[in-house]
Amino acid sequence: MAMERANLLNMAKLSIKGLIESALSFGRTLDSDYPPLQQFFVVMEHCLKHGLKVKKTFLGYNKSLWGPLEMVEKLCPEAGEIAASVRDLPGLKTPLGRARAWLRLALMQKRLADYLRVLITRKDILSDFYESSAVMLEEEGAVIVGLLVGLNVIDANLCVKGEDLDTQVGVIDFSMYLKNDIDDYRSEERNGQIAAILDQKNYVEELNRQLNSTVQGLQGRVDSLEKSNSKLIEELAIAKNNIIKLQEENHQLRTENSVILMKAQQRLEVAKGDASCELDTYKQSRQGLDEMYNEARRQLREECQLRQDVENELVVQVSMKQEMELAMKLLEKDIHEKQDTLIGLRNQLDEVKAINVEMYQKMQTSDDGMKHKNDMIARLEEKTNQITATMRQLEQRLQDAERDRLSAEDGMRRFKQDFANKADSLQKQIAQREKQMLQLETDLKIEREWRQTLQNDLERERETVAQLSAEAQQINALKKVNTMVFYFLIYHSDQGLNSTLGHIYFSYISYISTPKIAENGHYLFGFILKIKYIKRSCGGQVWLKDKDATHCKLCEKEFSISRRKHHCRNCGEIFCNACSDNELPLPASPKPVRVCDTCHALLLQRCSSNTT
């Protein structure tokens, strides 16, 4: 196994070196028919197959090269696009074909070395697919992956969809690596050219990385400035809302102050009248004058105390104003600092533009990336211009806020002077309202008791009305049943039924005359059942079912969708519409119902005989 690893390492070195030299001398994009490229894929296939474990499947024992390569998708999410495209290829049927397609796509993406480096760092995952002495688990695998980094200078355009990757035979052609002295001299020249090209490429890539880092730093600074500006805008909005609230409170306080001034003037007039009366009394008695002097002195002390309290509150307001001014100054300093940073950002953006122009002259192949970066820089300039405009608007709003704050402070001073007088009047009003509430509660209790008595009386009257209406309905129903029973007895006036039906009818009449009206319904139901039983026992007709009749009883025509079935309500037989389109009232139903032609003639004859 050690000899095999050494041989595979040497073959990988030869194939990678030969591929790079031939590709640089070829001078254009490589395709799938290029022999050194084909030999490179064969050597890589042998390196990846070395030491693979045999896995048992349903079809037998198999060495799958696609298993470890498929794990790269989980370790490096960027390889997911290659794995998905390999799975979607319609011509690949074997795991070996998928692995070959994956190697070709990774080479075209110039990420083959990166993907395999990620794979060999996870020994725990590779140990499930390879034996302990395989190339991928030893130092030779790390050396091969390091050699693959040089393939990033090669541009390849491989058509994976058209190739038959499942059936290709992987045989190494050693004749390609046998060289003479002339080839060695040419190879040295080519190595020098390759080294120069690689140095230029590394320099360009390093410049690109630096540019990307500077652009990302600028973008981060712009994002932080945008966040700070958004916070300042929110603070200004909050300050504006507070100023609006203070203005509303100031307006309310002014209205209340005007009302309080009117009341104070009235009180002063009353006080003047009282003072004139007191002067008259002063002339009469010196003792009353001394009392008034003491009271006036006490009021003066109270007013001095109130004045001292107001002055203390004014000092507090002045300190608050000074704090607000300090906060405004700090905000102005932050704004100036942000403007300086914006100027520095603009200078840096100008420097980045100059660097981009120089790089555009050196790198013709990376035009698309540079255009994208120029677009990003233009957007950043627009954002900085917008930020400066918003900063100006914020400064103007701050000045307006200071003016509104000064006016609000004046209103607060006036409010505090009148607040003490207003508190006493409010306490008196509260005491009066409490007395009114006690009176209203007593009135409510009386009204609730009176309402409860009225509801009890209404419920009693409703119960009596419901009982009377139920009795009236029962009486009306019994009247209707009496008439129905009477007609029923007349209809069945045969000689064989007269005695029986008459006995039942008279017993029914005697029971109805009793005062137990609520039980008459049950007795009536039993009476009707008895009559029906007597009728059936004496030869009455039975109601024929629909499924038992297929033809009309009279015309014997067959029933169909157009010729429907109809029951005669007298005899119970089934007829068609033509033979049963007559209607007559029967004892069972006062309304006219359907009867057949024979029953119609029979009933008309019976009615004529009864009338005679």
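Every residue gets a Cβ built from N, Cα and C, even glycine.
TrEMBL does not curate its annotations; it predicts them automatically.
Look at TrEMBL and you will find 208-348 (among others) tagged as coiled coil. In the predicted model, the coiled coil (208-348) has a mean pLDDT of 79.
Annotation comment: TrEMBL describes 377-478 (among others) as coiled coil.
Positions annotated as domain 'RUN' by TrEMBL: 31-163.
Positions annotated as domain 'FYVE-type' by TrEMBL: 546-604. For the domain 'FYVE-type' (546-604), residue counts in helix, strand and coil come to 11 helix, 18 strand, 30 coil, using DSSP.
Counting residue by residue with DSSP, the domain 'RUN' (31-163) contains 81 helix, 9 strand, 43 coil.
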